[in-house]
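Sequence annotations record features per position, and here Swiss-Prot assigns region 'Disordered' to 1-25, 406-426. Summarising the annotation, Swiss-Prot assigns domain 'RRM 1' to 30-114 and lists sequence analysis as the type of evidence. The SUMO2 cross-link annotation in Swiss-Prot covers K36, K187. According to Swiss-Prot, the phosphothreonine annotation covers T109, on the basis of similarity to another entry. Among the features that Swiss-Prot reports, domain 'RRM 2' is placed at 153-229. Sequence annotations record features per position, and here Swiss-Prot assigns domain 'RRM 3' to 329-403. The N6-acetyllysine annotation in Swiss-Prot covers K394. Residues or ranges marked as phosphoserine by Swiss-Prot on the basis of similarity to another entry: S425. Swiss-Prot lists 446-521 with the feature domain 'RRM 4', giving sequence analysis as the kind of evidence.
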Amino acid sequence: MNNSTSAGVYANGNDNKKFKGDRPPCSPSRVLHLRKIPCDVTEAEVISLGLPFGKVTNLLMLKGKSQAFLEMASEEAAVTMINYYTPVTPHLRSQPVYIQYSNHRELKTDNLPNQARAQAALQAVSAVQSGNLSLPGATSNEGTLLPGQSPVLRIIIENLFYPVTLEVLHQIFSKFGTVLKIITFTKNNQFQALLQYADPVNAQYAKMALDGQNIYNACCTLRIDFSKLTSLNVKYNNDKSRDFTRLDLPTGDGQPSLEPPMAAAFGAPGIMSSPYAGAAGFAPAIAFPQAAGLSVSAVPGALGPLTLTSSAVSGRMAIPGASGIPGNSVLLVTNLNPDFITPHGLFILFGVYGDVHRVKIMFNKKENALVQMADASQAQIAMNHLSGQRLYGKVLRATLSKHQAVQLPREGQEDQGLTKDFSNSPLHRFKKPGSKNFQNIFPPSATLHLSNIPPSVTMDDLKNLFTEAGCSVKAFKFFQKDRKMALIQLGSVEEAIQALIELHNHDLGENHHLRVSFSKSTI
């Protein structure tokens with residue numbers, strides 16, 4: 001479309017009123033003016049900017065001026081869109097796009113040339129919204145999106161370097177519609193979730209926009225498919241599952257309940273009824289800093305510009321205002337087996353997920369302990385991965401403690417060695433900035449990754465070592481390209497956890513100490 005076509009944009013029914021270019025800020029209108037759009041952008045991409053906020057009813061592209069006009073079905077939808085994009089600059093094809101209200105109250109493009117593509121794109125979107133057509137890129141397991149597609153998404157998070165809580169998922173996905181229920185779990189050594197929308201169309205938009213995107217810079221990649229389930233059955237509201245329509249549900253066995261402020265936020269009138277909580281007038285539960293970061297090229301803004309500070313890159317995540325990541329680094333660990341557990345054992349186990357500074361087993365209740373991590377994010381990671389795992393015949397429970405630090409016993413105070421300070425331990429896995437250990441954080445599994453193996457140690461030596469520790473070895477293999485590393489598969493996850501506690505840092509001779517961690521692979 002050449003520049004002369006801008007003369008054909010009319011407003012308020014006055015065919016003599018022509019658009020003259022940029023105007024000062026004006027009152028809300030359902031017609032939005034977009035500036036600095038890429039010259040090669042498609043009509044569908046521009047329309048996608050408005051999809052999360054409501055129906056797009058008209059579009060006019062002024063490619064020669066790198067501008068466009070987008071008409072929403074209602075002024076309310078346009079206001080929601082402007083409110084969202086004011087602090088979060090949208091991007092098209094990696095280029096920032098600027099949006100403001102137009103002086104026009106509606107777009108009249110009937111008699112304009114070169115509008116066929118825009119109208120075709122609008123008709124396609126309208127068909128999707130009415131359930132009669134599939135969106136490009138939104139497919140089911142069979143490869144096509146059928147009418148009546150499930151409102152439930154299956155989400156897998158790869159490269160889980162930093163904690164992704166249920167609240168973080170709610171914050172991200174609620175940009176595309178009302179999230180009714182979320183269930184999180186670990187399967188095939190991967191953190192996964194099932195998320196149910198109120199409307200299948202919202203699930204389609206979310207999948208289009210978020211599949212393949214990173215939650216944080218260069219990590220926590222979202223892989224999204226439609227679930228075969230059409231509804232989720234949530235029995236408990238806790239840190240692993242949530243029914244946002246039933247805040248009266250119990251928390252379940254030993255699970256932390258929803259904090260009152262969080263429950264009030266998710267259950268407040270107007271939030272569940274609004275599909276875009278956080279976009280207009282609602283301060284989201286997780287307030288990510290509005291700074292340079294990630295963008296979504298198609299339907300933007302869901303992830304927001306999440307930014308990790310330099311401390312986060314070294315494994316100490318700092319997201320100012322992120323109430324979804326509590327600021328406490330001390331965990332309360334309960335339901336331990338007092339006959340077997342020691343401060344050193346807890347240090348080794350929790351040290352898989354962060355640097356443990358102090359451990360205190362309760363003097364009068366030895367099945368309980370406090371574990372102080374280096375920071376809140378490491379505490380969250382450890383809690384997410386270890387709570388619910390079996391250890392020495394009992395199901396370990398980990399929650400955030402009310403204590404801000406583990407106090408060392410006073411001089412002369414009876415302690416029986418139940419409190420230990422590990423803050424200067426050489427066994428910390430994450431003390432080096434940029435350590436590869438940040439890339440190898442996986443849930444407990446029956447397969448262990450072994451490293452730092454000296455050349456003289458054979459497969460039989462290692463199998464015997466684990467057998468003598470009470471494990472049943474199911475399989476073993478050295479890495480083909482690096483014989484210093486191996487995988488060993490044991491009889492159960494519980495066996496593997498106990499073997500890791502006992503054999504990590506085991507002296508193999510020749511100044512080599514065995515390094516043990518959980519593997520994402522199987523043999």
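A Cβ is built for glycine as well, from the same backbone N, Cα and C atoms used for every other residue.
Taking the features listed in Swiss-Prot, we show where each one sits on the structure.
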| residue | record | Cβ contacts under 8 Å, 6 or more apart |
| --- | --- | --- |
| K36 | SUMO2 cross-link | S66, Q67, Q95, P96, V97, Y98 |
| K187 | SUMO2 cross-link | none |
| K394 | N6-acetyllysine | N335, L336, N337, E367 |
| S425 | phosphoserine | F347, V356 |
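Helix first, then strand, then coil: DSSP counts for the domain 'RRM 3' (329-403) stand at 19 helix, 24 strand, 32 coil.
Among residues of the same chain six or more beyond the region 'Disordered' (406-426), those with a C-beta under 8 A of the stretch's C-beta atoms are 330, 343-344, 347, 351, 356-363, 366, 370-372. Take the CB of T109 (phosphothreonine) and look out to 10 A: across all protein chains shown you find 21 other CB atoms. Mean pLDDT for the domain 'RRM 4' (446-521) in this predicted model: 94. When secondary structure is read from DSSP and collapsed to three states, K187 (SUMO2 cross-link) falls in the strand class. For the domain 'RRM 4' (446-521), the number of residues in each DSSP class (helix H, G, I; strand E, B; coil) is 21 helix, 25 strand, 30 coil. Secondary structure at the residue listed as 'phosphothreonine', taken from DSSP and collapsed to helix, strand or coil, is coil. Classification of S425 (phosphoserine) by DSSP places it in coil, neither helical nor stranded.
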